4 protein chains.
Amino acid sequence: MAAATITRKLPSLSGDLHHHQNPLEENPFFHPSNGFYITPSDVVLAQVVYDLSADSQPRVAYHRAGPRREILYEASAVKAAIVTCGGLCPGMNTVIRELVVGLWELYGVRQIYGIPAGYRGFYSMEPVELNPKLVHDWHKKGGTVLATSRGGFNLQKIVDAIQLNGYNQVYIIGGDGTLRGAVEIFKEVSRRKLEVGITGIPKTVDNDVGIIDRSFGFQTAVEMAQEAISAAHVEAQSAVNGIGLVKLMGRSTGHIALHSTLSNRDVDCCLIPEMSFYLEGKGGLFEFLEQRLKERGHAVLVVAEGAGQEMIPRSESQKQERDESGNAVFLDVGVWLKSALNEWWKREHPGELFTVKYIDPTYMIRAVPANATDNSYCTLLAHSAIHGVMAGYTGFVPGPINGNYAYIPLEEVAQTKNEVNTSDPKWAWVRSVANQPDFDKKF
Amino acid sequence: MAAATITRKLPSLSGDLHHHQNPLEENPFFHPSNGFYITPSDVVLAQVVYDLSADSQPRVAYHRAGPRREILYEASAVKAAIVTCGGLCPGMNTVIRELVVGLWELYGVRQIYGIPAGYRGFYSMEPVELNPKLVHDWHKKGGTVLATSRGGFNLQKIVDAIQLNGYNQVYIIGGDGTLRGAVEIFKEVSRRKLEVGITGIPKTVDNDVGIIDRSFGFQTAVEMAQEAISAAHVEAQSAVNGIGLVKLMGRSTGHIALHSTLSNRDVDCCLIPEMSFYLEGKGGLFEFLEQRLKERGHAVLVVAEGAGQEMIPRSESQKQERDESGNAVFLDVGVWLKSALNEWWKREHPGELFTVKYIDPTYMIRAVPANATDNSYCTLLAHSAIHGVMAGYTGFVPGPINGNYAYIPLEEVAQTKNEVNTSDPKWAWVRSVANQPDFDKKF
Amino acid sequence: MAAATITRKLPSLSGDLHHHQNPLEENPFFHPSNGFYITPSDVVLAQVVYDLSADSQPRVAYHRAGPRREILYEASAVKAAIVTCGGLCPGMNTVIRELVVGLWELYGVRQIYGIPAGYRGFYSMEPVELNPKLVHDWHKKGGTVLATSRGGFNLQKIVDAIQLNGYNQVYIIGGDGTLRGAVEIFKEVSRRKLEVGITGIPKTVDNDVGIIDRSFGFQTAVEMAQEAISAAHVEAQSAVNGIGLVKLMGRSTGHIALHSTLSNRDVDCCLIPEMSFYLEGKGGLFEFLEQRLKERGHAVLVVAEGAGQEMIPRSESQKQERDESGNAVFLDVGVWLKSALNEWWKREHPGELFTVKYIDPTYMIRAVPANATDNSYCTLLAHSAIHGVMAGYTGFVPGPINGNYAYIPLEEVAQTKNEVNTSDPKWAWVRSVANQPDFDKKF
Amino acid sequence: MAAATITRKLPSLSGDLHHHQNPLEENPFFHPSNGFYITPSDVVLAQVVYDLSADSQPRVAYHRAGPRREILYEASAVKAAIVTCGGLCPGMNTVIRELVVGLWELYGVRQIYGIPAGYRGFYSMEPVELNPKLVHDWHKKGGTVLATSRGGFNLQKIVDAIQLNGYNQVYIIGGDGTLRGAVEIFKEVSRRKLEVGITGIPKTVDNDVGIIDRSFGFQTAVEMAQEAISAAHVEAQSAVNGIGLVKLMGRSTGHIALHSTLSNRDVDCCLIPEMSFYLEGKGGLFEFLEQRLKERGHAVLVVAEGAGQEMIPRSESQKQERDESGNAVFLDVGVWLKSALNEWWKREHPGELFTVKYIDPTYMIRAVPANATDNSYCTLLAHSAIHGVMAGYTGFVPGPINGNYAYIPLEEVAQTKNEVNTSDPKWAWVRSVANQPDFDKKF
């Protein structure tokens, strides 16, 4: 094997800014040793699994994250803005805290502002001054102290506000919709020739953002989901023909459902958006459950919120309804499944005992503080973001690639989706554990 | 003050049975010391709070629970049945475990049977033989390994089964409906002149059984409810005009809601069945929330499932619907409140941000294993039950009264309800903490 | 039964102070209903368990805690001091928080000071001004934000400081030594004819204070101890001839060890200060463990820190050493037992595998935040204290008696010790569970 | 960049065995899709971070783990042995469980034996027959149900036992010493020309095994360590000049200490074996703590058990003492530091308050069940092991490399050590957070 390496280019601020020595150089605690600084030729490979017999593609690589010897900002000139958008995710407060502490202590920045309540906060609310003392224990709190909201993206108003307030670093923490907004902000800022570093920090408890290994908060969510599954298992076991049904987060991807099932050996069937399923007939869900109840007397089902959407009957008004992004609204697959299961049983086994206990732990999962693994992740992520912005990069996303922090063009991340690969051994393992049907009529 | 004491009489098995020395007498580990055994003159006072200026009533007392020097059963002749009925509650498995271990190790009983799936299990399923090795770690499991169900109460079939199988001790673990059934079993058994000791062990996560201090599992439930309230608080705080709404168990009483609110200082308003409330107008919930959102930007509501039932609009079919006991079915007060709140806001503040996050943690609360406090309680409770039955008492309930375990006539317990006393200082304290309205139009 | 009731007298401030209407009367949320206020004739009985055949003693009762219709202080004139002394205990911060919130919101007090670092803080440190906003989330923090220390009790300096600073309410949170100090302060304050209300709030994670049902933080400690015992059990089970040894808090009493053992069914032997034991010979600990290892391959020992102190060999210097109160210093019973066990095995079973894993979870137990049960307790306790002091009582302790909050003369509490009654059925149950020897050579 | 790839060769069983079709081919649930099977040309790159400007080395790759289309064993002929050696680590039971379930359900193996109590169990104890029902909930238990021990490695006796019992697959779960033993077993088995597949599964809570990303149980340990650090922080904060000192596992490497510090922002100083430190003088620990106490009033120290060993004074007997592997025994750095700190303070600040609270949570950390992340890891690890052995590989280790499971020659793993790279940015970040001295006198 011998193949060329292609490094993904990163946008950077134009050269009008002066180059400065990294203040870490003067830090009494660091003593940056040989090899401490990262250079533009330090890269992280994107692909690590190969079929050597069929390989000739060039290797894609990303610039490695970390401190640069030269930076583009003078500490006293930095005015940074931090904003959190979209739904809650464990670790948001840790990212904010570390951005503040890192900018302040490593680079000497003193003007750091929190934008309240998401994108709309740029143009409709007062920013909050942040400092290490204020954010001291935020990493122990769930949610986001800055508050968040969906929508409110008004490009011109936002960039006007950035310009007006003189922010020259903007840290945007949000999901795929937010990151697409960040791309537009980055472009508009460029159009206006503003020297503003823009970085997008992927926040998606569903883990549906591509290229990076996984998103922060995801491990905490999987951990918390165990409680709900265990409760469903207890409820199912304690009943006669008991079904425990747990709906987990995941609108377009089933990562939380998949990993929660893999971590917990009490799940009989895991339904995710990436795999279609059917209820009736041979190989269908009902047949499978019939069998499982006969063998064990109970069964546990985990369903990702985006699974089976196309099967849920919609009223006329639901057919018309669109969410803020113009997509058909999501219906509650758990409520639907619960009622479908009850109807099926009443039809097939009239008079026989049967119970479905449905648990929707969504808000109890996403509102908890990050666990140690995610706190560590968020810390390294925030510091990666700071080093990149200080070095003059913009329009980028920091994130772990094969275990190493790298910088990825924002636009590339915003266009990539991370779906469960149902032909991957992990999925096979889930099925082997559950002995669940693969709902594939072709067989 | 000087008042007579009246001790509540307990039914006991007729004298056809022979008296035996308590085998604890021969236990190598006990060496029952002076005062170890409980006699019929040992009592526990029911009332401990008095107004001395207005007191002349006789004092009610109950026989104290504990081992008697003489017992009515010979170990080899005992055939015990244990059954769990109704919904789940933390500690059910601990009670079962301790009944088995206590009967086996203290009294040498070797025939102990679990009746599966509630009352119907007596006449429709095979009993399960129980022993200390089998139940060894049950106290670490949530739910009930014996399984449970609602309904299935067929008096004649149950007593026939008791007679047919030769059970002479029956331990019935269940809530108020179950205990009323136990009274009927006790009476029918007496009518048939069967020498069968019947005891009812109150299991109600709602804590709605009277006379006893509190029911097992209740403390665990209050502990677990904190997680849901904290999550609701985080969701509310992280939003603009965010309301966190938590529905907690409690159909006719609000104990869990009340104690969860008292233990957790983030609740703004606690709604319980014992107190009516109203939404619109002066002093109503909406006005209160309007005010609270203005002051703090968010609010947390806790509502017991039985609160406000009379206010929820019912469809024609819901009006007809009756549950297994013939009562009007309960509607979901959380779902109704959420939608009422959204409508109110849209009407009063069109276009302004507002979010209600609704959490129903019911199954995640009731399916957990008992905590240490409840495990200890269940252990002492089960041993109290055993000592009472072995001594020949029947038709009774063991339970803590003012911190001491006592025996109470089953019929008395089955007729008493434990409601939150809204004129009690505890309730005043809840209101003082929340500064919540008292919804009392007369003021 | 017919017996007189004797109510324990409480000291109260002299009548120089004017009587005021309780401001709760004007509270928009309370609307004190009929029977809301507590009167001097409202009492709580101390004894609830009787042997009716042998009873003729008068009944002791205590004044019931709660708000009085008339109070002795005007809100604007109150200057309150709060101090925490001695070791950590879950719930200290909750008590402080509720004292502040209750004084502020119920009675309108605005001058509330925290004394830092225990008794010595009165005369050697600056007090901290407290208000509801500052203490808002203290009940979620372990330890004491005010800081604490042992010793530092200088009566004259403390009372001088009280006088100098004009404190007219002093809330002292501490253990038995601290309460004895509080008695002296109360007396000195009386001698100086200062109108200062003094209340002592018992803080003892060991639960060794008498008269009250139990002390705050105790339930949390028992809960946390389960983790250590479970770990010891796992270590023991995973080894060949494995002993898991856990030392729990309890210098003169074994309540935590006892209740932890009762709540957890994996303990083979529980050693407490109230019961002497011996190692060698028939009926000794080694014989018992020999037997248990043969049967099960492992064993779990729980030992209270004060157990077996008289058996531990002391060096000459240790014999001389005295703690701050002049008592012989405590030696580490866990370290000693571990080494004694290892020597015994090596002597009796040379070459055979054997492992003792010793866990001392003390600081991990006492530093956690209070659980829901204890938070609720601390809230009611603090409010009881406030109502009592505002009503003019002094030299008293608030606390639960048979489940009801009452006021007890401080001197009485300071002289009473709560020890484990080894002839109580609870202790019998512990032994029955463990089948442990009773170490009583007389048998 | 263009560089050749070198794939590390794996030993495999000689061709005397017949090739069989993978039974997954017939599994009703798998339907192995295109690309499901792994082929010998599927590899995982070892290195993913490059400096493109200085790179010309060939790339090392490892064979990817996963099911092969052809296997070397017939299910009915497999007799598998599983053994756990050394100290406890979260996840051991999950690995055992998954080995059993995977062999049984995926490959139809029915003869699976657990070797009790480590290496010595091969020749001195009865093996335990394992099946899916028996191991069903082992992944929820801490420790190892098979029991474990150190030492007992007798090569000839072990291989004799393997031969005698007819085991043809041996799964060895253990740390670096155990893996070196596994290498010898592998070699001896080869010498004897036995067709026995040997795989070593790295178990090291310290995470000190090289090449693989991290070892199982490590994340759980870091998670649990937070509790101890938080307790130490509370103790320190609640005292005057309070030091919280936590000793964490890590004899030759400081990974747990490092990651626990990174995940928790309350640590002031983290001491690990990879970095020497000193107490006295300029830039020493005492000076640092003096400063920190002055600024904050308290400080938290985390120390890995292997740190500072060379500084602890040894008695003559301690100098002689050697552990089972002939190394100098480890002394308790925590006990030594605590006493050194107390002496220092008494010397420098006689009469001033000062407290060191020392917590050693070792057994409470390592005895817990694996968390969800580690359970998932252990599941994939065990399945990787099975697939590799069934395919005929031997003398290998399965493990994650850059997030992908691969097979690594056992000998290579046994010779590699994973130490904290103190010139890595992670270490810099720890120091930046703590502002701790770098103890490097050269500066």
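Quick reminder: no glycine exception, Cβ is built from N, Cα and C everywhere.
TrEMBL entries are annotated by machine, without manual review.
Straight from TrEMBL, the features:
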- C:Asp206: active site, proton acceptor (ACT_SITE)
- C:Gly87, C:Arg150, C:Gly151, C:Gly175, C:Asp176, C:Gly177, C:Thr178: ATP binding site (BINDING)
- C:Asp176: Mg(2+) binding site (BINDING)
- C:Thr204, C:Val205, C:Asp206, C:Met249, C:Gly250, C:Arg251, C:Glu305, C:Tyr363, C:Met364, C:Ile365, C:Arg366: substrate binding site (BINDING)
- C:80-387: domain 'Phosphofructokinase' (DOMAIN)
- C:Gly177: site 'Important for substrate specificity' (SITE)
Alpha-carbon distance [C:Thr178 (ATP binding site); C:Met364 (substrate binding site)] in Å: 23
Neighbour-count leader, CB within 10 A, binding-site residues: C:Gly151, C:Gly250: C:Gly250
Neighbours of C:Gly87, C:Arg150, C:Gly151, C:Gly175, C:Asp176, C:Gly177, C:Thr178 excl. site residues, C-beta within 8 Å of centre, ATP: C:Cys85, C:Gly86, C:Gly174
Nearest of the binding-site residues (C:Arg150, C:Gly175, C:Thr178) to C:Thr204 (substrate binding site), judged by Cα-Cα distance: C:Gly175
Neighbour-count leader, CB within 10 A, binding-site residues: C:Arg150, C:Arg366: C:Arg366
For substrate: widest Cα to Cα gap among C:Thr204, C:Val205, C:Asp206, C:Met249, C:Gly250, C:Arg251, C:Glu305, C:Tyr363, C:Met364, C:Ile365, C:Arg366 in Å: 17
PLDDT averaged over every residue in the domain 'Phosphofructokinase' (C:80-387): 94
Candidate nearest C:Asp176 (ATP binding site) in space, where candidates are the recorded positions C:Asp206, C:Gly250, C:Glu305 and distance is Cα-Cα: C:Asp206
C:Asp206 (active site, proton acceptor) and C:Gly250 (substrate binding site), distance between Cα atoms, whole Å: 5
Binding-site residues, contacting chain D; criterion Cβ under 8 Å; candidates C:Gly87, C:Gly151, C:Met364: C:Met364
Cβ neighbours within the same chain of C:Thr178 (ATP binding site) - under 8 Å, at least six residues apart: C:Cys85, C:Gly86, C:Tyr119, C:Ile172, C:Gly200, C:Lys203
Cβ-Cβ distance under 8 Å to C:Asp206 (active site, proton acceptor), same chain, at least six residues away: C:Ser215, C:Phe218, C:Met249, C:Gly250, C:Arg251, C:Ser252, C:Thr253, C:His255, C:Ile256
DSSP-derived structure type at C:Gly250 (substrate binding site), helix or strand or else coil: coil
ATP site span - longest C-alpha distance across C:Gly87, C:Arg150, C:Gly151, C:Gly175, C:Asp176, C:Gly177, C:Thr178, in Å: 12
Integer Cα-Cα distance in angstrom, C:Glu305 (substrate binding site) to C:Gly87 (ATP binding site): 15
Using Cα positions only, nearest of the binding-site residues to C:Arg366 (substrate binding site) (C:Gly87, C:Arg150, C:Gly151, C:Gly175, C:Gly177): C:Gly87
Local Cβ density at C:Glu305 (substrate binding site) - other Cβ atoms counted within 10 Å: 25
Coarse DSSP state, helix versus strand versus coil, of C:Arg366 (substrate binding site): helix
Local backbone state of C:Asp176 (ATP binding site), from DSSP in three classes: helix
